[in-house]
Amino acid sequence: MEKWGLCANQERSPTSLILTSLMEIVLVVFFGTEYVVRLWSAGCRSKYVGIWGRLRFARKPISIIDLIVVVASMVVLCVGSKGQVFATSAIRGIRFLQILRMLHVDRQGGTWRLLGSVVFIHRQELITTLYIGFLGLIFSSYFVYLAEKDAVNESGRIEFGSYADALWWGVVTVTTIGYGDKVPQTWVGKTIASCFSVFAISFFALPAGILGSGFALKVQQKQRQKHFNRQIPAAASLIQTAWRCYAAENPDSSTWKIYVRKPARSHTLLSPSPKPKKSVMVKKKKFKLDKDNGMSPGEKMFTVPHITCDPPEDRRPDHFSTDGYDSSGKQAHMCAGAGHSVLIL
């Protein structure tokens with residue numbers, strides 16, 4: 001604040017000029033170095049890698065504001081006449097841009113996001129109260145204008161000569177400022193003003209209470225979310241420890257199984273190897289048979305043997321008893337087919 005007061009004066013002592021210049025140089029070096037370091041370190045994120053990524057980072061609103069502040073401060077320092085930094089009116093206009101340094105306090109924009117979220121959540125209540133309040137302001141100001149348009153004050157001047165004067169009085173009254181430059185003179189105007197003050201001020205005061213309660217609820221919600229986030233690692237560690245204790249005591253505690261698919265077996269019956277001379281003829285005959293049956297050459301034909309049952313008198317007595325039961329007590333039948341014996345239980 002002292003710096004701005006010193007800069008506003010046209011005549012300054014040499015000591016104050018030197019101190020102001022040194023402070024300005026320190027601030028310019030600090031903010032300039034910070035901007036360069038942030039621009040260089042932005043490459044640690046994947047979307048800001050390379051030259052184009054850093055240019056994308058420099059196009060962010062906060063980066064543009066920082067660049068404007070640094071450039072404006074450098075211009076203020078470099079341009080001057082006879083040792084005075086702020087010599088021309090154009091350079092004095094650039095000094096206003098240095099106020100943007102206050103935005104560094106909340107670089108991440110958490111305050112604005114919090115305010116925006118509260119307003120968005122309670123937007124319906126705010127719109128309702130403001131709508132009713134402005135309706136009351138417009139109509140009450142008009143009624144006061146109708147009652148006071150011909151009234152004259154002590155100095156012989158009409159205070160509510162137009163609707164704009166009445167509307168200005170209504171805004172000053174609603175905001176509880178009360179400059180006192182315009183006051184109703186008639187009893188009708190005073191009655192309308194009294195009712196309007198009680199009604200409109202009540203509605204215009206509601207947004208402050210809505211925003212205050214919204215901020216309190218939002219802060220409480222954030223505290224609850226932080227507490228919940230602190231409990232997540234502890235719960236995960238507890239689950240892992242419980243599972244390890246269970247797996248250490250139970251040897252078959254795997255939660256997955258390996259299923260091995262067995263290769264398919266061919267069901268064709270083994271036949272004696274043909275003679276070398278007849279192998280070609282057998283293949284040709286088999287291919288022709290598959291073609292007649294509507295099968296492709298790559299498909300395999302499953303042959304089912306012809307099974308016949310031997311009569312009871314042809315059974316072997318050395319393996320089975322005469323009453324048709326084996327040693328286990330089950331009835332057995334001997335079937336023969338294609339040169340192979342099949343036991344049917």
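One-based numbering along the chain as shown.
Glycine is treated like the rest: Cβ placed from N, Cα and C.
Feature annotations, reproduced from TrEMBL:
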- 10-222: domain 'Ion transport' (DOMAIN)
- 16-37: transmembrane segment (TRANSMEM)
- 64-87: transmembrane segment (TRANSMEM)
- 126-148: transmembrane segment (TRANSMEM)
- 160-179: transmembrane segment (TRANSMEM)
- 191-217: transmembrane segment (TRANSMEM)
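Counting residues 6+ beyond its ends, the transmembrane segment (160-179) has Cβ neighbours under 8 Å at 133, 137-138, 140-142, 144-145, 148-149, 151, 189, 193, 196-197, 200-201, 204 in the same chain.
In the predicted model, residues of the domain 'Ion transport' (10-222) average a pLDDT of 81.
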